[in-house]
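Read through the structure below, which is laid out as structure tokens, and then see the notes.
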Amino acid sequence: MSKLWKIWKSNISFQPSVSKMDSKDELKQPLLSGETESIESLTNNSIAGVVINSSDETIKVKAEIALKVYKRRWYVLLMFSLYCFTQNAVWNTWGPISSSSKEAFSWSDATIAWLNNWGPVAYVVCGLFFPWLLQVKGLRWAVVPSMFCVFIGTVCRVITSDENSATILIHIGQFLNGIAGPVGMGGMPTLSAIWFPANERITATAIGTSISVLGSALPFVLGPFLVSDGPPNLNVTTTAAPMSTSVSSASHLILSTMEPGNVTAARIQRERDEIMKYMYYSCGFAGLIFLIILIYFPAKPPHPPCLSASVEREKYWSGLWSLRSKKYFVLLAVIYGVSLGVINCWASVLNVNLSAFSFTHVDEDQAGWIGFYATLGSFAGSLLIGRFASLFARQMKLFILVMFLLSAGCFTVFALVLVQVIPSSYAILYISVIGGNTLVNSAVPLIYELGCELAYPTSEGAANGFLTYLNNVGGLIFLAVFLIPNVGTMWMNWTAIGSIVVCLPMILALKGRFNRLEVDESVSVQKYVEQAVDSPPPYGIQSS
């Protein structure tokens, strides 16, 4: 005890903030377990003052900022995750029920694609504003308006079932929901950095990302469950691949003319009624989540949970501009934008993809289950890999590389089935889609956290805002291809493979320091940081 006192007194001047401190509490201080020289260097160069916390007791180190972890962080994580869950569920509404929707509202594949594409379009339009709001005003001022947009978007979809009016309002609703995307996609690492200590950040990001992914999974099951399949399926006897989607459309037209008009009209009315019921459920759930968040959702904890959370980040716009000089961060952003931008949009129109290949015998309901299990696999994979990677935080690049490589193999098998190089079977279709989607999406929380490390001290909001911006640009371009007449669907599968394979050499080329992690591990960061970290003002919301 006396020896420890002498070391502290000679290296770090401090004043006890509480009287109740025993030797066990003093020896448990994680930031004092290393060399005091590193701590002094860190304190002098990275933060203005710190208070190190043990349980409910604190020790002041050169002044005013207390480090403390709050139990309410799990509530904040849950509510933010449910907001992301809802936003994803609304975005992915129409792909899983595309057959029914096309008949009920006289839509085409291009219409279904553009309903999904409003998410990327809205992101490109306002994707840089909301991360600024997140950094300058805090989580509450970014999340509440975003969740309000989701809620109003679902309200637009329940106003009418008239074909023309409903089509316009549904497009508006999808666009409003897309406006909520920037905070939902890029805000999770910011929340983790603000509320969670360093040893829980990757896990928190993985949990939030996994719950968010479940929002994309639910419509694959809930949609076909609530909405009956579309017109009778002709894809039950033929074994030859179709020449194009126009052949399937022509066959459907012939069948429709063979049906009595009153049967077709009755089925269309039933489909509209079921779709509207689905929309009411979505609207009610979105309204509930918005109300809870409006009542209580704090912007930040009273005290930061770790040293790096107390270090002021660069101002948003200057920090965003400075990212251009961080070449490995830019490379990671390209990797994320090209690969996940394509794959996530590819999964959202899986039913459109499979319905063009009659020999697979996959109807809307079966395509929904494939998509559900694939997204559920992403949920489990994100949790597992995120928790495992927390133990090996400096090996994130290796994890990402292995998962991308295996995912490319799965999608290649899927494409070879569709061109009939490999015999078609339900087992192969399920395994290839679920495996490919699970593996590549399990890397998402790692990409987010690695991006924050490479960008530090640029804020997490700016870093992940840039990552997800490129992701949505990639998705927008992918879905816009559906505007090309008679483009078919096989191009989707080759593009999915190419988007992953082209990223493999870029992942190998990634280098960089874990600057933020080194701050939290009490390593002297003088020789590592790529930019000077100014001494911050007292912990609080930053200016723009």
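Residue 1 is the first one shown; counting continues down the chain.
Yeah, the Cβs are placed from backbone N, Cα and C, and that goes for glycine too.
Keep in mind that TrEMBL annotations are predicted by a computer and have not been checked by a curator.
Summarising the annotation, TrEMBL assigns domain 'Major facilitator superfamily (MFS) profile' to 325-544. Residues annotated as transmembrane segment in TrEMBL: 74-94, 114-134, 141-160, 172-196, 203-227, 278-297, 328-349, 369-386, 398-422, 428-450, 462-485, 491-510.
Of the candidate ranges 141-160, 172-196, 428-450, 172-196 contributes the most Cβ pairs within a distance under 8 Å of the transmembrane segment (462-485). Between the transmembrane segment (172-196) and the stretches 278-297, 398-422, 428-450, Cβ pairs under 8 Å are most numerous for 428-450. Below 8 A, the CB atoms of the transmembrane segment (398-422) and the transmembrane segment (491-510) form 3+ pairs separated by six or more positions in the chain. Annotation: stretch 491-510 has the most Cβ pairs under 8 Å to the transmembrane segment (328-349), among 74-94, 141-160, 278-297, 369-386, 491-510.
Here the domain 'Major facilitator superfamily (MFS) profile' (325-544) returns a mean pLDDT of 80 for the predicted model. If you count C-beta pairs under 8 angstroms between the transmembrane segment (278-297) and each of 141-160, 203-227, 369-386, the highest count goes to 141-160. Tertiary proximity for the transmembrane segment (203-227) is limited to same-chain residues at least six positions away from its ends with a CB under 8 Å from its CB atoms, namely 73, 77-78, 80-82, 84-89, 91-93, 95-97, 100-101, 184, 188-189, 191-192, 195-196, 271, 274-275, 277-278, 281, 344, 347-348, 364-365, 367-372, 374-376, 378-380, 382-383, 385-387, 390, 441, 444-445, 448-449.
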